[in-house]
Each structure stands twice: as C-alpha cells, then as structure tokens.
Ligand code: F2R
Ligand code: MG
Ligand code: MG
C-alpha cells in the first residue's frame, strides 16, 4: 500500500479512537431514548459546524492510555513493557479524574508501591486472582495494530503483553486481541476496494479462533471460544436487513457494557453496519461519523464502544473521512496526529 495512504490510515485510526472517546463520553451510562437520539443527531450536526465555539471536549482514560502506548512505542522502539506500565501509572497519578475503571486503579497503586518489580503481578491479583475482563485493554490498543502492521504474530503477542499489565483474565486479553485484529484488517484493506461484508467477519473469526485455541487450558470447563461465537453473532446481525428494532436485539446479544466481551464485538458491528447501509436514526452520508454516532445511540459504555468503532473506521477510511471541525473540538487532536505520524515514520519505510 502507498505510504501516504498508510499515513492517512494511521492518523485516521488514532483520531477515530480519540473522537469516539471525546464525543461518546458525555453519554456514558445514560439511557438512550428516541428523544436522546435526536439530541445526539443535533449534537453531531453542530460539531461539524466551523462556527462552533466553546471549550474542547475532554478525553477520558481510553485516550490517556492509548497515548501512553503510542508514546512508549516511540520512546522505546525495541518495546519495553515496564516503560509502558510506568507511563500508565504516571498519567493516572497526574490526572486521576479521567474516568478510569473502578478496579484498574488498584493495579496502578500496587505498581507504584512495588516500584514496578513485577509489572504483571498486580493485574494477576485482581478479582481474587481471576484478573480483570473489563474493556480497558481493548480501548487503548490502536497503536499496537499500527506499529506491528507488518508483522501479524508480533502484533498479537504485543496486544497480549500490553493488555496483561492491567488485565489478565483471558476474556480481557482476547477482547483486546480481537479489537487489534479488527483494526489491523481495516488498516490493510484499501477503501477503494470496498470491504466485502461476507468476508470481514469470517476472516477475523478464523484469527481469533486460533488465539483462543492456543490459550485454551484444556479443561473444557466453560465455553472455550466465546469471541469466535460472538463474532459469528455479529455476522448474523449484519446479514439481517437493518430496522431500528434490531438495535434492541443487538444490545441484548452483543452487549454495551464495560466488559470486553460485551463491547468489542459491538464496536466491530457498529463499524460494519455503518459501512453497509444508512441508519434511520443517524442522518449523515459520512461513514466515519455514522459509525461513532451509531455506536453512541446504542448506549451503555458509549465512550469506549465509539472509541473502538472509531479506531476501526478510521483505520479503514483514513484521515480524510474525519470532519476537521469535529476533530478540532477534541482535546489534544493535534498531539494525536503527531503521535500517528511518529509511529508511521518509525515503521513505514
Ligand atoms: N470507568 C468507566 N466508566 C464509569 C463512569 C465514569 C464516569 N463517567 C466518570 O467520568 O468518572 N469507564 C472506563 O472504564 C472502562 C475500562 O475499565 P477497565 O480499565 O477495564 O477497568 P476494570 O476496573 O479493570 O474493569 C471494569 C469493571 O469490569 C468489572 N469486572 C472486570 N473484571 C471482572 C471480574 N473478573 N469479575 C467481576 N467483575 C469484573 C468490574 O465491575 C470492573 O470495575 C471503560 O469503559 C472506560 O471508559
Ligand atoms: Mg473512558
Ligand atoms: Mg467507557
């Protein structure tokens, strides 16, 4: 792929992640009624206006941690997970009010107290040794997909290792790997050759199946391949003709919660649905906007689902698809472009 196209896609993915977070966070946990969908439509219409004044929209933990990963990859191109852990912790203690997950903050305190002697121990101890399966690993993963765009196996390994600093439950780790695989697939697909809907899900299903098989403990206690099954559900919903009532079924079956299992497949669905057809309650011809606005109208963990859907949409469509006025409304948007460019300069020759 042409290096300039890739540069635009690197920017698109990190900006997509930022915009989803900043624009989705005011609605996190709010019940989304028909009236609220109209409010969201007007909010997005206004955001596209060049005349909009007022304070920028703040980012939350999703972007804070995504920035730390990008900064760490840039500062330590040989990959240093202790350095990455230190950036997570430093950012948290500098700005603790960015809406971090209720339990992950204990990991940060323990890492600080232990002087980072074993960066994986505090996360392993979470939830009585089960580890977290929140979506905190997945929400921040975009820089890993970009940095390792040329080496799929290293990408999967880095997705796991960077996630395990805070999340060790296989549902948390595999959720992050699935999100990384989806961004990677979108990144390497030329937007001129339209994504073939019938292929995107089967391809990422095959990949996540391998990851789930490799990490299987062999005890056959629970469902051994939850994400493989869930992506098949995404495919099923995509094959169903869209109507507004379908959203209810999507929310119930795919989920919209703070858990990785209940949010990563939903983000993938939002991107593919927005790409496939118009959505009655989301009036725009712009596929990037449709993706994040639609994700927000599903409710629940709106900042994170819009952030993850935005990272995939941006990786596919590139920066040009993102309205500049809307991007300028988001805190640190110039810094995010700078980080994307530095990652691109490091890995795209
Ligand atoms: N924290 C939030 N949203 C809450 C409201 C924020 C508010 N608007 C504000 O501004 O203050 N959002 C952020 O948290 C999510 C990412 O969370 P992360 O990093 O995964 O954290 P954690 O604490 O590890 O897990 C989240 C919750 O999931 C449940 N859980 C996880 N593993 C579990 C297990 N093994 N057993 C039982 N429950 C488990 C717990 O309830 C955790 O607290 C993003 O949405 C981000 O935006
Ligand atoms: Mg957040
Ligand atoms: Mg969230």
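Here the Cβ of each residue, glycine as well, is placed from N, Cα and C on the backbone.
Listed features, source TrEMBL:
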BINDING   60, 61, 62, 301, 303  Mg(2+) 1 binding site
BINDING   304  Mg(2+) 2 binding site
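Minimal Cβ crowding within 10 Å, among the binding-site residues 60, 304, is found at 60. In the structure shown, across all protein chains, 301 is the one of the binding-site residues 61, 301, 303 with the greatest number of other Cβ atoms within 10 Å. Closeness to ligand 3 is met by 303, these being the binding-site residues among 60, 61, 303 whose Cβ falls under 6 Å from the molecule.
Listed in chain order, the residues near the Mg(2+) 1 site other than 60, 61, 62, 301, 303 are 21, 24, 25, 28, 63, 99, 139, 304, 307, each with its Cβ within 8 Å of the site Cβ centroid. Cα of residue 60 (Mg(2+) 1 binding site) to Cα of residue 304 (Mg(2+) 2 binding site): a distance of 9 Å. Rounded to a whole number, the distance between the Cα atoms of residue 61 (Mg(2+) 1 binding site) and the residue listed as 'Mg(2+) 2 binding site' is 9 Å.
Sequence-distant contacts of residue 62 (Mg(2+) 1 binding site), defined by Cβ-Cβ distance under 8 angstroms and a gap of at least six in the same chain, are 17, 20, 21, 139, 140, 303, 304, 307.
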